[in-house]
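Single-structure report; data block below.
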Amino acid sequence: GNMSFSDLCFSSVTMLKLLQNIQSQVPSISYAGCLTQIFFFLLFGYLGNFLLVAMAYDRYVAICFPLHYTNIMSHKLCTCLLLVFWIMTSSHAMVHTLLAARLSFCENNVLLNFFCDLFVLLKLACSDTYVNELMIHIMGVIIIVIPFVLIVISYAKIISSILKVPSTQSIHKVFSTCGSHLSVVSLFYGTIIGLYLCPSGDNFSLKGSAMAMMYTVVTPM
């Protein structure tokens, strides 16, 4: 339920404004609107990222410890995880937004994307962005790298468990249980890694916008 809510809000944060701009033929956004969009974009983006980790652990328990699944993935554990996720993502999104709010910008700013991306916004700043970039790298490890590693570990353990008792039934069980989750993880992390961790000069041109569209619209859908 939280994943569905997060995905719906994550797409709405960018697409509603985009549709408004297309309808009005005025591709602009106010300063306050830009900061608001950044906050909610980061909030629901981070939340979805952590939920993917929780779902990977859930699949690991379901496949490797099916008889203990109910006890391990208890209602109390799920509630605690969600509470921690919401607090962490809200805090991280607020930190980035407040740091962006302290920057000064020159006139005639043009965002080379269809939404207020934090990376694009920093390129337009006239003031020093060292603190912003430092926090992005530090939090990037916590928010993106560590969750991705945990997902890889979960699936490594799942594959290891299946290989011990190889059978058509067990392989079918894995694909039916993890197929949709693996698809989302591949799309989400694949586009983010290509866009942000392997940057190129034209990342935020048409190519960058297409990749951003993948993880903001296609993946949640």
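Positions of Cβ are set from backbone N, Cα and C atoms, glycine also.
Note that TrEMBL annotation is computational and uncurated.
The domain 'G-protein coupled receptors family 1 profile' feature in TrEMBL is assigned to 1-221. The feature transmembrane segment is assigned by TrEMBL to 38-57, 77-98, 138-159, 179-198.
Within its own chain, the transmembrane segment (138-159) is flanked in space by residues 46, 49-50, 52-53, 56-57, 59-60, 63-64, 92, 95-96, 174, 178, 182, 185, 189, 192, 196-197, which lie at least six positions past its ends and keep a Cβ under 8 Å from the stretch.
Confidence across the domain 'G-protein coupled receptors family 1 profile' (1-221), taken as the mean pLDDT and rounded to a whole number, stands at 85.
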